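Feature list (source: TrEMBL):
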ACT_SITE  Cys332  active site, nucleophile
BINDING   Asp231, Asp258, Asp279  S-adenosyl-L-methionine binding site
DOMAIN    112-390  domain 'SAM-dependent MTase RsmB/NOP-type'
Amino acid sequence: MTPQARIQAAIELLDAIIASARDGGPAADTLIARYFKDRRYAGSRDRRAVRDHVYRAIRRAAERPEDGRAAMVGLARDLPEIAALFDGGPHAPVPIAPGEPGAPPGAVPGWLIPLLAAPVEQDALLGRAPVDLRVNALKGVPADLTALLPDADPVPGLSAARRLPEGFPIEQNPAWKQGLVEVQDAGSQLIVQACAAQPGMTVVDLCAGAGGKTLALAAAMAGKGMLIAADTIRSRLARLGPRAQRAGATFIETLLLDQSHEARGLESLNGQADIVLVDAPCSGTGTWRRNPEARWRLTPARLDRLVAEQARILDFAAPLLAPGGALVYAICALTDREGRDQVDAFLTRNAGWAVEPLDLPLGRPHGPGWLLTPGHDGTDGFFFARLRRTAS
Ligand SMILES: C[S@@+](CC[C@H](N)C(=O)[O-])C[C@H]1O[C@@H](n2cnc3c(N)ncnc32)[C@H](O)[C@@H]1O
């Protein structure tokens with residue numbers, strides 16, 4: 001492909017990504033993979049270049065652009081070398097007209113700015129994300145880990161965490177293939193640390209997804225006790241099985257919940273759990289480094305729905321705790337409505353709960369909980385809180 005044709009391909013892809021973000025369709029990565037499946041003439045360098053154009057345009061525009069051309073014209077305003085490729089030649093985009101509007105630059109959609117927790121450093125939300133690993137204690141720390149992963153740096157304060165440069169192909173590394181390490185953001189590892197799970201406990205990971213945090217809980221429990229991974233989406237839970245095998249975490253039980261009737265499926269656990277982790281569905285504002293297109297999908301109405309759903313999940317999670325047990329609420333989001341205010345509202349609705357103060361190596365206190373941000377901590381953005389059940 002010529003450099004000009006790569007720009008035209010990026011415009012076509014951005015058209016599809018913008019429509020998909022508007023209509024709740026597939027993610028950008030899926031659309032990019034499909035696009036190239038139908039275009040075998042594109043070589044690996046073409047694919048990399050087009051993908052790079054697409055993601056630069058996505059990162060640059062906080063608000064969903066009108067169309068793919070507006071997104072790329074916006075990028076061309078910053079980069080004369082891109083503007084020069086709009087030359088109207090074969091397979092090239094037509095030249096940029098004088099005064100043609102491009103998508104405006106920005107990090108955070110305007111409506112969302114006042115909703116972000118006050119200490120959030122907005123410019124760092126779109127930075128490059130490293131690859132963080134968790135050394136899997138279930139397999140022991142191998143003596144040759146440094147030889148297997150010479151580029152891995154320790155993360156201060158998190159003994160099991162290692163940090164690799166962005167884009168490191170970890171899935172080809174023997175340490176990953178043997179289950180010696182898991183890919184997990186240091187912030188997620190800190191949330192599991194805040195759970196303080198111990199061998200022999202009964203622990204429920206209520207929004208387990210494909211089990212990233214479940215596997216870390218399993219390691220903290222040294223494979224002993226009862227660990228239940230619950231979710232409402234079968235395909236997500238199904239991905240946990242092979243991961244648990246690879247990690248040597250074979251004591252995990254999975255529980256598929258019926259959306260809107262979750263309490264029924266959880267009845268036998270009422271009053272039994274030492275720890276319940278609610279890693280709730282959220283706006284994902286803390287993960288834009290890895291998923292910048294999420295900004296184009298979030299709307300005020302969707303945020304309202306998420307806040308209501310988080311409150312509902314917290315309310316059916318609470319009865320699972322034994323007296324003295326701990327409910328850990330976590331989101332990879334940085335809006336106060338989903339974080340600080342959500343926990344305050346839970347405490348207002350429910351008597352018999354106390355906030356447990358946290359003292360952790362990364363992050364800072366925020367309201368009843370703890371805040372991690374890319375700018376302050378180099379992790380994804382998270383809010384989490386630990387609540388102790390004081391009365392039955
Ligand atoms: C932030 S993700 C969890 C990520 C996962 N804990 C991890 O560490 O990889 C939120 C999960 O909540 C699940 N979920 C949404 N609504 C739920 C509900 N009502 N009950 C239980 N899980 C739910 C979603 O399917 C999704 O997998």
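Any Cβ shown, glycine's included, is placed from N, Cα and C.
Minimal Cβ crowding within 10 Å, among the binding-site residues Asp231, Asp258, Asp279, is found at Asp258.
DSSP assigns Asp231 (S-adenosyl-L-methionine binding site) to a strand segment in the three-state reduction.
Between Asp258 (S-adenosyl-L-methionine binding site) and the residue listed as 'active site, nucleophile', the C-alpha separation comes to 24 Å. All protein chains considered, the CB of Cys332 (active site, nucleophile) has 27 other CB atoms within 10 Å.
Take Asp231, Asp258, Asp279, the residues named in the record as contacts for S-adenosyl-L-methionine: the widest Cα to Cα gap among them comes to 17 Å. Each residue contributes its Cα atom, and for Asp279 (S-adenosyl-L-methionine binding site) and the residue listed as 'active site, nucleophile' those atoms are 8 Å apart. A separation of roughly 17 Å, to the nearest angstrom, links the Cα atoms of Asp231 (S-adenosyl-L-methionine binding site) and the residue listed as 'active site, nucleophile'.
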